[in-house]
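Reading through the structure tokens given below for one structure.
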């Protein structure tokens, strides 16, 4: 990590912007989704949990576009690392992008739109935990697919800045999961206990 930091200017404004968007995005969707679960204010404001979930999804998508833009700007504003600028590294970068795209898209199709965008916090629950591919081979494939995409772009661009920011992406997702997984599990535990009481 020290070696990587020696090739990056963390005070560069584009680096700071990328770091802020990377850390802000999961914080935003976790805070808003938990607030909705507790108060149902978005659902009431939009007259439907589905419309409220769609609204949140639009804001998440826009923030993700901003995050990706800032990530690319940070990479472009700082020098490449010559030792990473090789045909083998470019092949690795393309492979990482391929894996990332497969994980993200297959997660989206397995979860559906509302499942992807925190519908369970809006009371839009699945019948059971999703276990089809890619969830059959990996927990949280959407997050790890996204991380693989960022890593792929960093390697393709031979960017030490991109590599360091990818580490931040992975760490941010790991922290987010510490909050998301127990909370989501509790939502489904309450659903199961409610169903048992009714039967």
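Glycine too: its Cβ is placed from the backbone N, Cα and C atoms.
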Transmembrane segment according to TrEMBL, located in which of 87-111, 112-136: 87-111
One side of the membrane in TrEMBL: residue 12 and residue 157: yes
Sequence-distant neighbours of residue 181 (S-adenosyl-L-methionine binding site) in its chain (C-beta under 8 A, six or more apart): none
Among 98, 100, the one of these binding-site residues whose Cβ has the fewest neighbouring Cβ atoms within 10 Å: 98
Helix, strand and coil counts within the topological domain 'Lumenal' (34-45) (DSSP): 11 helix, 0 strand, 1 coil
Long-range neighbours of the topological domain 'Lumenal' (34-45), counting only residues six or more past its ends (CB under 8 A): 52, 55-56, 121-123, 183, 187
